[in-house]
Amino acid sequence: MGVTGILQLPRDRFKRTSFFLWVIILFQRTFSIPLGVIHNSTLQVSDVDKLVCRDKLSSTNQLRSVGLNLEGNGVATDVPSATKRWGFRSGVPPKVVNYEAGEWAENCYNLEIKKPDGSECLPAAPDGIRGFPRCRYVHKVSGTGPCAGDFAFHKEGAFFLYDRLASTVIYRGTTFAEGVVAFLILPQAKKDFFSSHPLREPVNATEDPSSGYYSTTIRYQATGFGTNETEYLFEVDNLTYVQLESRFTPQFLLQLNETIYTSGKRSNTTGKLIWKVNPEIDTTIGEWAFWETKKKPH
């Protein structure tokens, strides 16, 4: 049996921070790039042929595929909200499509879920499928669930983006971002459109911050995964946990972790200690993503 307590935290540690980013994208007037989005891997050869017949596209060499992350649309990225967008189904074969370039993701996910009998809920990644290579935060969820289905699909028809491959299903222990695959139509075939060399693969998922890329893994425990009664715990260590709430940003969880360590709030017994954050604590440190406008409470 675990022990639950109310965790009182210094409020001045969690002041609201906000920042704005103005992005100005300049295109030459003659540089027209129509954008098409592939939903559910439904782009067929016939669709490409129709585009070829129009004046914008004279050759399939003008097509360049890109992965676009859903978080850019402002979807909720906290673990309780994100996992509600995924569900298990049987009888539907998975589909995989490749893409040439992708965005950097603020939030990625990595699932290790087992059934109550100990068997795996998710399939292992096929050869050639590696984790999404650029994630600021990796939300790693371990736990159990009924997993009523052969594969976990996206309920809204999006893809799970891996390293230059997008799949309709989630693979066990493989980091992914939610997104869609789009294609750019270039005015003319340009071999140097993606001229930069591929970014080198991350080492153990985290590199020196001075390299311009830094990833942090945040760990959770889940029970009843995939059901309406799913419960999530933020893992401080293997005996100390915090009840997870949708309002907790990644930045808040990292400072919460530090506070629990420095204030001696970790479990000092062999039993599990579960904290609950005081509802009056302001948890709005940081942002879910720099482009998302946070809704103010009425």
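Sequential numbering from 1, following the chain as shown.
Cβ coordinates are placed from backbone N, Cα and C, and glycine is handled just like the others.
Listed features, source Swiss-Prot:
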SIGNAL    1-32  signal peptide
CARBOHYD  Asn40  N-linked glycosylation site
DISULFID  Cys108-Cys135  disulfide bond
DISULFID  Cys121-Cys147  disulfide bond
CARBOHYD  Asn204  N-linked glycosylation site
CARBOHYD  Asn228  N-linked glycosylation site
CARBOHYD  Asn238  N-linked glycosylation site
CARBOHYD  Asn257  N-linked glycosylation site
CARBOHYD  Asn268  N-linked glycosylation site
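Mapped onto this structure are the features recorded in Swiss-Prot.
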{"residue": "Cys108", "record": "disulfide bond", "DSSP class": "strand"}
{"residue": "Cys121", "record": "disulfide bond", "DSSP class": "coil"}
{"residue": "Cys135", "record": "disulfide bond", "DSSP class": "strand"}
{"residue": "Cys147", "record": "disulfide bond", "DSSP class": "coil"}
{"residue": "Asn228", "record": "N-linked glycosylation site", "DSSP class": "coil"}
{"residue": "Asn238", "record": "N-linked glycosylation site", "DSSP class": "coil"}
{"residue": "Asn257", "record": "N-linked glycosylation site", "DSSP class": "helix"}
{"residue": "Asn268", "record": "N-linked glycosylation site", "DSSP class": "coil"}
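Cβ neighbour count for Asn257 (N-linked glycosylation site): 18 (other Cβ atoms within 10 Å of its Cβ, all protein chains included). Candidate glycosylation sites: Asn228, Asn238, Asn268. Fewest other C-beta atoms within 10 angstroms, Asn228. Other Cβ atoms within 10 Å of the Cβ of Cys121 (disulfide bond), summed over all protein chains shown, number 24. Note: the Cα of Asn268 (N-linked glycosylation site) and the Cα of Asn238 (N-linked glycosylation site) are spaced 11 Å from each other. Taking the Cα atom of each, Cys121 (disulfide bond) and Asn238 (N-linked glycosylation site) are about 22 angstrom apart.
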